Amino acid sequence: MPAQTSRARPVEEMTAAQAREAHESLSAEIAEHDRRYHGEDAPIISDAEYDALRRRLEAIEERFPELAGTGAASVSVGAKASDKFAKVRHAVPMLSLGNAFAEEEITEFVERVRRFLGLPASEPLAFTAEPKIDGLSLSLRYEGGRLVTAATRGDGEVGEDVTANVRTIREIPHELAGDDVPEICEVRGEVYLSHADFAAINARQEEAGRPLFANPRNAAAGSLRQLDPGITASRPLRFFAYAAGEMSSWPAETQSGLIGAFRRFGLPVNPRTKRCTSVAEMLAHYRAIETERAELGYDIDGVVYKVDEFALQRRLGFVARAPRWALAHKFPAQRAVTVIEAIEINVGRTGSLNPLARLKPVTVGGVVVSNATLHNEDYIRGIDADGNTIRSGINIWDGFRLREDVDLRQGSDVRVGDTVVVLRAGDVIPKVADVVLERRPADAVPYAFPETCPACGSHAVRAYNPRTGKLDSVRRCTGGLICPAQGQERLRHFVSRNAFDIEGFGETYIATLFEAGLVRQPADLFRLDFEPLKAAIVARRQALSAERALAAGKTPEAKKAKPKANEEDKAIHNLLAAVEARRTIPLNRFIFALGIEQVGEATAKALAKHFPDMPALMEGVRAAAACRPGPDWIELASLPRVGPTTRERLLAAAEAGETDLLADGAVTRLTSAQKEALLAAYGDRDGLRNAVERALRQKPGDAYRHLADDSEIGAVTTASLIEFFSEAHNVEAVEALLREVRTERAGTPAAAAVFSGQTVVFTGSLERMTRSEAKATAERLGAKVSGSVSAKTDLVVAGPGAGSKLKDAEKHGVRVISEAEWLAMVEAA
């Protein structure tokens, strides 16, 4: 039977519990990528891969609206502002944009805008179309025409104060020109580097022996976020203005007018911004910009469309993290051909064996690429989660033609020595997309994925997925905290901000203490003493000094460290104090810090609600392990068209003594399509009966279902918990940690939204807003909008022509208000 991983399962086939699991996992993954991209300027996936994650999350939220806004990624825009800079709270949030890739999506976007506004196709509707600059978002605040503050996007609400650095950028005026400059004028735009300036900066970096920047975006971000403005001044950063934040008055009523006003004020604006009045015109401009892309001299990754009229923008408003009135139309990924020189395996924090292709360096989209992700074992073999071929080798690519004697069936895998097509979508980690079979060496052999961890020699296994009845795509090391690669990564995760948040323990200290043998598991952090800690740090410093001397061709001198005892001792005391400050920790943070596969922040909070403390959680998992389901029970629900509900009906019928489960009426609501699927899987009626009886004997017990049936936890997470706590060394590590720290249950935060937790129903004709606007406003203020009235309804907003819902409200004693009263409440909120 085909496997269905949570990532592969079509959204339309998901149950509510499966959707919640997938939503939680995706949200946590996206939030981590946001942190790396916006907070560290160090992304690890391509823009296209990130966009795919976002689109799947949005698809889940569209089908399951109750999940919208429940995860960090649903509402987050960037990443928290760095502690290196002063914080600036944006008067108007700096939001992100939704993405589109196909031309039909642009048509759908325009139609969606018209539906929301109630505009017929005959009524004019204008948009602006402008290049999407691949740089760093910036907000400039002018007061009285003078630049007073410049801030990065940060997380959209709070950014970093980079005013001193921005004052060194020649293209950004310190004073705005003109008589119509608003008293308060917040300008939003993008800082970027031209291709020529980027090449010059990297040439200077190479000459000075410093690391090269991967691409202009990273170079621009790194240059702007310098603590020393002198470094920023030495880098020729540029700027395009394209939007407004807080304005005391508006110099224009349209986006196109605003761009004209910015130009009058002396701000640089993109000359390729155009006002369009039809989808055809928008797409024509997109194609024109794509054609000109290579000649622009700076990086762009698409075109941004915005509703031109500000009054309409205000009516359209926002949804989660993006405006309804704007959309980014992304360009396809860029590509090139090169050769795989080696395949290496990196071990991740949770023990995942991650294959990486070492490539003969090649320029892709202006960036020199020497590495590419190979994702997992199946991807190297050229198959998907269902065992279907994902590559077949290509017969034509940039002049390469397939010879007649090359067998396409042998072209699905990736081998060392292969000539491959590499795709890159505006980021640093590209991927191997296909193989040019004509250039495959005669001695190239299929890659043998290791079954032992390259870091510690422990077994590496592909875990059994209880939801699909299949093996996971990722092979993992079972060494846990005894694995050097995994151990350090787990410790880094343990001290990270959203886990134990131990200040000062960065990667360097973790590596130093791990290599010195002082810290091999989390509990060791709480056993550190001053003298051994100091000795390890001093030894590490001396070793690095000796390495630098040897690299410079000098003989290392055996000399004592310079006497900076007071500073050094103070720093070490600060580290120890930071550890001591974490001897009491909320239970959810403790759980998250353990780095258990599938247990992100949201799941950790759910587990902390289920169990009062760690011993109770561990006992609950042990009990779940003792009564977990067998493979026949799992397999029955993983068949095509047969889910958990049908499985329960089949089991109930078998338990009731039904001998022919496919007879009419034997199983409630069993469709003909489901009967066909069952017969295809089990051969005949007797085979089905035997399989269901086996599944009946393998039903999970209550302890397992207590976790697996909970929509916030689910079967996959339950399996991960069982796997983690089944390893004796993991249990020992947790128990050792519990001897050092105390957990406490976190309180429930107060709701911030005005109508938080309330259910609102709209009925009748609404005269001053469309139904979509009303729903969006209610949800923005924290309410849940329902289509029917019940005793659980808190408020009914009734317009003219209200019918049965108004009667239901009277029946249940629900408060009823008019549209005018609702708008007054919204205005006061």
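Placed from the backbone N, Cα and C atoms, the Cβ positions cover glycine too.
Zn(2+) binding, as stated in Swiss-Prot, involves C453, C456, C477; the candidate among C483, C627 given for that site is C483.
The feature region 'Disordered', as given by Swiss-Prot for the ranges 1-23, 346-368, 760-782, sits at 1-23. Of all the Cβ atoms in the protein chains shown, 21 others lie within 10 Å of the Cβ of C483 (Zn(2+) binding site). The binding-site residues recorded for this entry are D51, L97, R153, K306, and the Cα of D51 lies nearest to that of C456 (Zn(2+) binding site). Counting residue by residue with DSSP, the domain 'BRCT' (750-829) contains 29 helix, 16 strand, 35 coil. Annotation note: C483 (Zn(2+) binding site) sits in a coil segment as assigned by DSSP. Every protein chain shown contributes to the tally, and the Cβ of R153 (NAD(+) binding site) ends up with 24 other Cβ atoms within 10 Å. DSSP assigns K132 (active site, N6-AMP-lysine intermediate) to a strand in the three-state reduction. R153 (NAD(+) binding site) and K132 (active site, N6-AMP-lysine intermediate) have their C-alpha atoms 16 Å apart, to the nearest angstrom. The recorded positions shown are K132, C477, C483; of these, the one with its CA atom nearest the CA of L97 (NAD(+) binding site) is K132. There are 18 other Cβ atoms within 10 Å of the Cβ belonging to L97 (NAD(+) binding site).
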